[in-house]
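Below is one structure, written out as structure tokens; comments come after it.
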Amino acid sequence: MTQEHNAAVLDLNPTFSTLIFFVNGKKVIDTNPDPECTLLTYLREKLRLCGTKLGCGEGGCGACTVMISRIDTLTNRIKHIAVNACLTPVCAMHGSAVTTVEGIGSTRTRLHPVQERLAKAHGSQCGFCTPGIVMSMYALLRNLSQPSMKDLEIAFQGNLCRCTGYRPILEGYKTFTKEFGCAMGDKCCKVNGNKCGEGMENGGDMVDDKLFEKSEFVPFDPSQEPIFPPELQLNKDWDSQTLVYKGERATWYRPGNLEDLLKIKAQFPEAKLVVGNTEIGVEVKFKHFLYPVLVNPTKVKEMIDVQELEDSIYFGASVSLMDIDRILRSSIEKLPEHQTRFFQCAVNMLHYFAGKQIRNVASLGGNIMTGSPISDMNPVLMAGAVKFKVAKYVEGQIKYREVCMASGFFTGYRKNVIEPTEILVGLYFPKTLEHQYVVAFKQAKRRDDDIAIVNAAINVFIDPRSITVDKVYMAFGGMAPTTVLATRTADIMVKQQWNKVLMERVVENLCAELPLAPSAPGGMIAYRRSLVVSLFFKAYLTITQQLIKSGILPQDSLPQEELSGSDVFHTPALKSAQLFEKVSNKQSECDPIGRPKIHASALKQATGEAIYCDDMPRMENELYLALVLSTKAHAKILSIDASEALAMPGVHAFFSSKDITQHENEVGPVFHDEEVFASDMVYCQGQVIGAIAADNPNFSSKTARKVTIEYEDIKPVIITIEQAIEHKSYFPDYPRFTEIGDVEKAFSEADHVYEGSCRMGGQEHFYLETHASLAVPRDSDEIEIFCSTQHPSEVQKLVAHVLSTSAHRVVCRAKRLGGGFGGKESRAIAVALPVALACHRLRRPIRCMLDRDEDMMITGTRHPFLFKYKIAFTSEGRLTGCYIECYNNAGWSMDLSFSVLERAMFHFENCYKIPNIKVGGWVCKTNLPSNTAFRGFGGPQGMFAGEHIIRDVARILGKDYLEIMKQNFYKEGDITHYQQKLDNFPIEKCFYDCLQQSNYYQKRKEIEEFNRNHRWRKRGISLVPTKYGIAFGVSHLNQAGALINIYADGSVLLSHGGVEIGQGLHTKMIQCCARALQIPIEFIHISETATDKVPNTSPTAASSGSDLNGMAVLDACEKLNKRLAPIKEANPNGSWTEWINKAYFERVSLSATGFYRMPDIGYDPVQNPNALMYNYFTNGVGSSIVEIDCLTGDHQVLSTDIVMDIGSSLNPAIDIGQIEGAFMQGYGLFTLEEMIYSPQGVLYSRGPGMYKLPGFADIPGEFNVTILTGAANPRAVYSSKAVGEPPLFIGCSVFFAIKEAITSARLMNGLSEDFKLESPATSARIRMACQDEFTNLIEQPPAGSYVPWNIVP
């Protein structure tokens, strides 16, 4: 890392310095490849193949997945693997064939079945993840033409999707599998004797179950796939060539033999061996390491060799993890079971090691030498006492030695006994003995593709006659700077009988041998310590059951209810059903309303042809902007020195607050309390201080780090809500209160009064496309902004403000967004404004797309909330009064926090009538990035408190919480605490339908029986309703415009004020327009959202996109229809094109604007008390069943049933996709997704490595969605209802089901059912809430006696 790059290139065997590979069948020759360049950068920047996306840059999201094909040296066969292009060095591609999403199919030619089925099964919403998912499936099919569902599960371990909820992707790709059948599974309509696809009766309404027609799919013929380039297949020199690529800062070597490899290492001891680049790539990108010498050993025979020996299998250190897995599985099938226990243990651990794209290229040697303390494989290797073959080049010859993976192997954090000039050549996986037992376990936040919190491997030799321990190795990761062996505890086990007494003794000794300091990196101290003993106990149970099975121990050696403690979760095959109202047979075939039409851009998204902001072609004189960010959370800026950066060639300018006036620098979505560039003070880490304009993105980011900033720290640094309360750090004019009735009287007259509290954390938006902007200078001092924003008009307005110009000289365009979820509503300005300023000053196009870590540092999250409440209720359970205090963590500026708080205050009662309410709200000012809009906008946080209240009442009264719900449900015509009458409010219908469809009461009985029979596994079931108000909180935003241009050929160009962010808004608007004009949807096109087409647009937010823009589209259509009416009347049998042609020649205007303002909106308790707060409410109910592992805190969602009232659906496929996607996002909010900050305000969770979204394996095993029928809504376009945000809170059903399961565990342990469980219900919180004899061994340090590693905001 510190080695200079001026060393001479070694004189090796004949070398080759030209990079040759194939991309989509075309030969690429590069005579000067850059060793620091990734394949992704090469594809996008040099070859302009932009279908492959940059989502995270660390191999954690799969958006960059491509397929690599090459001749496998081990088998001499063509091998196809999916890889992460963001980590793959382009220099490693020599002699390979790369296939990108563009290379398998196109809308211009023909779609590949992989692309077609994903699109037509509605598996693409925003589309940014789609190319990566397509390529993961394509690579699987190139290896297995008919895979199993298990193969699909493994193939998608490394892919994330933030929009769909994964179900439609799996449904589409299930059609390729052996298990393919009816998508309805057990709920297939044929079970009831109905003919599939003809609809079913449901309460008098005809319902449909078919979102796509499988029979229309193009058959998959694997024989028609492109051939491997013959040039690569016929020329045998590709693998034997010694390659040397010398770049500006680094040299890449690919030696052809071990001697040359060792010579390089002898000459350059600090040289890095690169196999998969999965560790080094992350270090280079995010830690900014520079490695001048990179060596690729994948063509050295000894490093890739595999040999089966008498007592072991030898693996070269460069053999990929997937190859190791395949070979071990083959050996497990062939060899006696007792010989393969170590192999089985390794295979089990490899399944959860990263994603498949990583395992396809990562090597075990790299994992060992990296020496991560949370490596998944190192504990297995250490417990197995695996031997390594090590070599170095000394005095003209190769010298070998053997090293054992023992307690002394690691000498410190990421250090080991292998010398700098030595190389780990290979390792020996031992075959096990008959009475040797090896098991391993891993606990992470998410099962698939996640780093371990703690992992363990136990290798024990047991004398079958005395049933005593002969020898034992116990290795643990996550408990020290290195993987460690618990040698002291192992010593006391020798010669002891394997029984419960020994287990208890071991557990106590492990607690003593493996302590953790209260401030240890990684946090979760008590949880990690408990995992050590829990994982050993699971190993004890597993090995004991093996001893019972082999007859060494009697059958009654373990109580029956204890057996489940050894189990691990496995992903079940998905079962699902989607039920929606069937379109009437009387409806015209060309009328698309109510039909499951595919997303308008789905086919382009599946082929990589859909263009996102950063996919736009580079302009000749374009510059790239990199932001300079604050490294302090609260400090005064003493000086900014950009001289070193400006002196570097290729740097054109540095911008800071000195380059604009104070007035121009003051910005914000409502209150101008932010700055484009921090001037005198910084209030959070990640605040923008300046920007560097340079020739290319990699260079600009490097030079931005050369800007030196001196600070003076300011105290206090306020991070948490509790700290804000302690320091009374609130925004002005807060708290605010609203009330109805007489709360004090309710408390004085109540049978019961209870005080409680609940808390929930924030949530990162994690749209797959990060914030991006491109600004282009135009004539007459105009500027054009292409921006990934949900609010083009706000970007237009604030750009005009910063440039001191008028809005009519600024055009903001948004073609499509790779996700938004509210995070691109107001925060787009953090990128757009510096880009616009640089463009304006330099008069050159300027581009900026944030890296994932930058985006997460800068843009804010969902608001964390704290609620304190006091409730009054009768002995029967009827709520009579509530006083509640709502605190949200706003971050350093107001942004939209006041509106988020208001919605939480107006949603906390959820679906329940409370006659007397007083609610207060506090906007807490902290030293975090400004938190912002996020799908739900405070509603889910408020309803979270309401559901706690219901369950508190039920617990106190000893009643079923469902009975408390029934007693308190709002009725039709009831008045809320903000004076709104509830009309068309079918919450009870949803409630009872959900109870019936989920078979709730029967399932609960089964769960009770399960819990009685299982000590360490518990299940819970919970149901939650939701009531979500539809409208912007400020009345002026409840408006929309549209523009329709009909051209003389009859084609229609539709423009409206909404932005396509994946939610299908453009698709629905096309459907609305098609019905209104009575034309097929093929006539209509939407190009983009632009401020020069529709002015003064509202943000695409508040779930109001369809409601507002749809009505504006109808208004424009009505105007056109009136103009066309005489022409149609004169020629009633004419066609659309004939009518339009006639209108053109008669000089009838074929262009119309539409406008809509939502009526009756604008509630204000003082100024306008009779107005509505919301236009209407979208309702729904969901029920989920969860199983938890009480020993680890892991959980699995077994089933979810959702019934949603969304009026008359405009498009059932898109609406069900929104319901499922929102549910999964809500599930993540309440269980997996945790923002991790240091006490100093440093965000630790800055990418998918530390921040965990739900993955494919996290969806409910059975996932059923029903759209309520017969519930037309008179207050929105074509009787529909908004759907984007309302279903999200139903994800909370999982949280409360987890809490029910924990309660069962606690009751079995004799503990109170009254306990706190904060959201998200992470594995750590679940485990520590269960409380048992193992957690009781963990001593907690006194509060305030230490500074924790992380805190909860």
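For all residues, glycine too, the Cβ spot is worked out from N, Cα and C.
As the structure is a computational prediction, the values presented were derived from the model and not from experiment.
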Original post:
Cys86, Cys91, Cys126: which one does Swiss-Prot list with Cys56, Cys61, Cys64 for the [2Fe-2S] cluster 1 site?
Top reply: Cys86
**OP:** Report the candidate from Arg935, Arg951, Arg955, Arg1246 that shares the Mo-molybdopterin site with Gln790, Phe821, Ala1102, as recorded in Swiss-Prot.
**Re:** Arg935
Original post:
If Swiss-Prot gives Glu825, Arg903 as binding substrate, which of Phe867, Phe934, Phe937 does it give for that site as well?
Top reply: Phe937
Original post:
What three-state class does DSSP give Gly366 (FAD binding site)?
Top reply: helix
**OP:** Report the residues of the chain - excluding Cys126, Cys129, Cys161, Cys163 - with C-beta within 8 Å of the mean position of the site's C-beta atoms, for the recorded [2Fe-2S] cluster 2 site, in sequence order.
**Re:** Ser124, Gln125, Gly127, Phe128, Thr130, Leu160, Arg162, Thr164, Leu768, Gly818, Gly819, Gly1062
Subject >> Proximal but sequence-remote residues of the same chain as Cys129 ([2Fe-2S] cluster 2 binding site) (Cβ under 8 Å, at least 6 apart) >> reply: Lys53, Gly55, Cys61, Gly62, Ala63, Asn159, Leu160, Cys161, Arg162, Cys163, Leu768
Original post:
Do you see any of the recorded positions Cys64, Glu279, Leu424, Glu825, Glu1285 whose C-alpha is within 10 Å of Arg935 (Mo-molybdopterin binding site), and which ones?
Top reply: Glu1285
Original post:
By a simple count of other Cβ atoms within 10 Å, which of Gly276, Gly366, the binding-site residues in the record, is least packed?
Top reply: Gly366
Original post:
If you count Cβ atoms within 10 Å of the Cβ of Phe821 (Mo-molybdopterin binding site), leaving out that atom itself, what do you get?
Top reply: 31
**OP:** Could you tell me which of these binding-site residues, Cys126, Ala1102, has the fewest other Cβ atoms within 10 Å of its Cβ?
**Re:** Ala1102
**OP:** Would you please pick out, from the recorded positions Glu825, Glu1285, the one with the fewest other Cβ atoms within 10 Å of its Cβ?
**Re:** Glu825
Subject >> Minimum Cα separation from Glu825 (substrate binding site), reported as the residue among recorded positions Cys86, Leu273, Gln790, Glu1285 that achieves it >> reply: Gln790
**OP:** Please determine which of the binding-site residues listed here (Arg903, Arg935) has the lowest count of neighbouring CB atoms within 10 Å.
**Re:** Arg903
Original post:
Beyond Gln790, Phe821, Arg935, Ala1102, what residues of that chain have CB atoms within 8 A of the centre of the Mo-molybdopterin site's CB atoms?
Top reply: Gly820, Gly822, Gly823, Glu825, Ala933, Phe934, Phe937, Ile1061, Thr1100, Ala1101, Ser1103, Gly1284, Glu1285
